[in-house]
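Asker: Have a look at the structure that comes next, please.
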């Protein structure tokens, strides 16, 4: 039943079937969609420990490399000591909280507390990172066990399993070079050359370590490292590292492209020269029904002015709902849009009307200089503002002109198979749009200003008008106050006086009218004295009546 309803809905409303964005009307004002993708959000990460062993095992060539090793240790100390001091400043001021139950007087772990008075100044990010750092740190027994294991291994990648804990992966970026190149060549090379070769390799490795952890010297507690950045310190074989860490699945490529695998420094040992990292591997959760659309705008001309429609770069749709989309925490991959946090937030009703096809709700702004797209390829057709850019049919060599009553030109294969626009030659396909958009056919939206200077000027004008309106309101309030101050008696006297004047005026007008009527009758009798009726043979009573 639900499937049947959806099919009927799609047939009766085709725009609803393909989404709530009215691409047909938007294309008339130069807005086209350039792509759509699913929406995935990173959820809670799983953590695993990774150890970077900075000092290789040189037992086989120890006699030839003492000088180079001493210099290498000195260089490592310049990087490791500041990081160790910053980590200790946070971790030594974080204490576990223990609570006692009311029924049984035994203590149990309840959380951690930060000694803010001893720490002094710390940002919210540093405090949060410090708490997470404390929770992911190894205990002293695990550290000592790790040291013993690292001293005996001579492998580039070693899986170290500790009692009661998960596997720890230890990596040494120079060990393969020592095992596979220097040790076999000990019989052919002099001791001095072996030392020089190792010194150059260690110096290069130190440079990679410095470029990786150098930015962390400023704030090693909250600094995060991507797995791509770690690849050099891990010997360059990132695929082998990911395999050892157990990272696989269909989302691995998407997570790598979005740089979702992060590492944070949790421990630094300046005696044994190793760094412990906590690797966070997120899982992806696809939000069903949400589609992220990417938009582009093409400028159009109204007379001599060039405009473009102001719309967001990305929007999201889910059913009938259209929302804004913040692409800042997101990465766009072939598998979809991957965000580290929710990037959808509400859109104003007016802008939603714009996307649903009401072009009068779409704001527009002037194009400044040469900024803005003047052509774009959509559905194989070229949508161009040929009033602002030269459009030429490459096939015939003729110029494609745009009449003043047109705002955009749509070029397809039936008009010109190969088009040259803006110095670019494009082969277009069959027609998907009308040949042009006429100005009288479009209800354009209100003009707005986006430049800081224009916005400031418009704001100053608005403030000036508000000040003038305020002055007028103050004047009207003053007049109203004066009217309220007049007493009721004075008002009554004024009304009585006005009434008497009106009555006297009416009487004077009435008398004047009567006098004028009498004067008219007298003048009529004087002007016709000879007109007398013939009364011969008429009775006296009739004459008297006359």
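Quick reminder: no glycine exception, Cβ is built from N, Cα and C everywhere.
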Asker: What range among 458-483, 484-509, 510-535 does Swiss-Prot record as coiled coil?
Answerer: 458-483
Asker: Give the range, chosen from 84-108, 109-133, 134-158, 159-183, that Swiss-Prot lists as region 'Fusion peptide'.
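Answerer: Checked against Swiss-Prot: region 'Fusion peptide' maps to 109-133.
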Asker: Determine the mean pLDDT over the coiled coil (134-162), rounding to the nearest whole number.
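Answerer: Computed over the coiled coil (134-162), the mean pLDDT is 65 on the 0 to 100 scale.
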Asker: In the structure shown, which of the glycosylation sites 25, 57, 63 has the fewest other Cβ atoms within 10 Å?
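Answerer: Comparing Cβ neighbour counts within 10 Å for the glycosylation sites 25, 57, 63 gives 63.
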Asker: Would you mind reading off the Cα separation of residue 57 (N-linked glycosylation site) from residue 63 (N-linked glycosylation site), to the nearest angstrom?
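Answerer: Counting only the Cα atoms, the answer is 13 Å.
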